[in-house]
Amino acid sequence: MLMAERLELRSLVIESDTTPSTTSPITPNVTSSPKTQIKILGLLLAAISSFFFSLSSLIVKWLKDIDPLELAAIRFVGILLPSLPILIYTKQNPFPKGQRLMLLLRAFAGATALSLVFYAIRHMPLADASVIVFSVPVIVAIFARIFLKEPCGLFHYLTLFLTMIGVILITRPPFLFGHSTQQYNFLGPLAALLSTFFAAIVYILLRALKNLHFSVIMVTFSAYAIIQTSTMAWATGNLCWPKCGTETILAIALGVFSFSGQILLTIATQLEEAGLVAIARTVDVVFAFLWQIIFFNEVPNIFSIIGAVLVTSSVVLIGLRKWMMSMPSTSSIRKKFGFLFL
């Protein structure tokens, strides 16, 4: 799961804290665990989930003979298969009246976001694409201000500014850096940027669907996404069965790694505050740089490194702010870092 699905799972768990819901059969019993162990375990699982998500991105980059749309379809099958039994077990209506249009919009935005992410990974350095996609939380804050009328102060504008500078350094557009347009492939960075906007839309729509059971959203999303991506791949003549051997194994691994990352992220957000989980997940960027160097022999330049630091810093600041906001108003830590609430 890439960024759209990661945000979805985190949002669903956060929202479930304020709305009644039935206990999921896969929800772990964590109430009896010591607080210190919960924190360590939650952050550890978040980091491991990032490892699995980074492996999924690595596979997408590696399988050059399979169209990104077909890989996205395989990814959505990995979401549908485990979600469907949960939907049946909890006896949920997969297409509830009054929420159908919102569910379809969420499904379209999520399918488009992930397809664009896969396309970006295929057409630009793995680390660069991962960093741009990782900037979604910053875009979400702006969209929340526009569509949900949530407060947006100096802090949000600061993180947006840092993110914009970081993305510019990573993409290095020709009109600023003097590249020849014939040597610059703008489609990869464009796909990455567009994916962040669609992923942010997904997050906003999930806020409106917060009262639905997560299995309803996951099943509706994945079923629609399979149809959208496979149809587009067929229409462009790129739909084919993976070749026997390595391609088949990697395609299966893509679904396994994606599902593993989703489950671990879900448990992590149940064990720890969302802000700290977001911070722990910044190791995703580190893994992306490592895979790029080890498997593709692409050493990032200074612009990419500085850009990654700026974008990651913005995400860390947003995570810290969420963590501080979860503390009591009398907390000394919250008072000490009050500038984060400006």
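A Cβ is built for glycine as well, from the same backbone N, Cα and C atoms used for every other residue.
For 40-60 (among others), the entry in TrEMBL reads transmembrane segment.
A mean pLDDT of 87 is what the model gives for the domain 'EamA' (41-171). The feature domain 'EamA' is assigned by TrEMBL to 41-171 (among others).
Here TrEMBL flags 72-89 (among others) as transmembrane segment.
The feature transmembrane segment is assigned by TrEMBL to 101-121 (among others).
The transmembrane segment annotation in TrEMBL covers 127-148 (among others).
Sequence annotations record features per position, and here TrEMBL assigns transmembrane segment to 155-175 (among others). Cβ atoms under 8 Å from those of the transmembrane segment (155-175) belong to residues 128, 131-132, 135, 138, 141-142, 145, 181, 184, 186, 189, 193, 303-304, 306-311, 313-314, 317-318, 321, 339-342 of the same chain, restricted to positions at least 6 beyond its ends.
For the transmembrane segment (187-206), the list of distant contacts is 3-4, 7-8, 11-12, 15, 102, 105-106, 109-110, 112-114, 116-117, 119-120, 122-124, 128-129, 132-133, 135-136, 139-140, 142-144, 147-148, 167, 170-171, 173, 217: same-chain residues at least six beyond its ends, Cβ to Cβ under 8 Å. Annotation source TrEMBL lists transmembrane segment at 187-206 (among others).
What TrEMBL lists as domain 'EamA' is 188-319 (among others).
Long-range neighbours of the transmembrane segment (213-236) within the same chain, counting only residues 6 or more positions beyond its ends whose Cβ lies under 8 Å from a Cβ of the stretch, are 8-9, 12, 16, 21-22, 24, 67, 69-70, 72-73, 76-77, 79-80, 83-84, 86-87, 90, 92-96, 103-104, 106-108, 110-112, 114-115, 206. The transmembrane segment feature in TrEMBL is assigned to 213-236 (among others).
The transmembrane segment feature in TrEMBL is assigned to 248-267 (among others).
As annotated by TrEMBL, transmembrane segment applies to 274-296 (among others). Sequence-distant contacts of the transmembrane segment (274-296) (same chain, at least 6 residues past either end, Cβ-Cβ under 8 Å): 6, 10, 13-14, 39, 42-43, 46-47, 49-51, 53-54, 57-58, 61-62, 125-127, 129-131, 134, 137, 265, 268, 308, 311-312, 315-316, 318-326.
For 302-320 (among others), the entry in TrEMBL reads transmembrane segment. Residues 125, 127-128, 131-132, 134-135, 137-138, 141, 155, 158-160, 162-163, 165-170, 172, 274-279, 282, 285, 289, 337, 340 of the same chain lie 6+ residues outside the transmembrane segment (302-320) yet bring a C-beta within less than 8 angstroms of a C-beta in it.
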Worksheet, complete the sentence: Long-range Cβ contacts under 8 Å made by the transmembrane segment (72-89), restricted to residues 6 or more beyond its ends, are 1, 5, 24-26, 56, 111, 114-115, 118, 213, 215-216, 218-219, 221-223, 225-226, 229-230, 233, 251, 254-256, 258-259, 262-263
Worksheet entry | DSSP-derived helix, strand and coil totals, residue by residue, for the domain 'EamA' (188-319) | 108 helix, 0 strand, 24 coil
Response to the item:
Sequence-distant contacts of the transmembrane segment (40-60), meaning Cβ under 8 Å and at least 6 residues beyond its ends, amount to 1-2, 6, 33, 68, 71, 75, 118, 121-122, 126, 129-130, 250-251, 253-254, 257-258, 260-262, 264-265, 267-272, 276-277, 280-284, 287-288, 291, 295
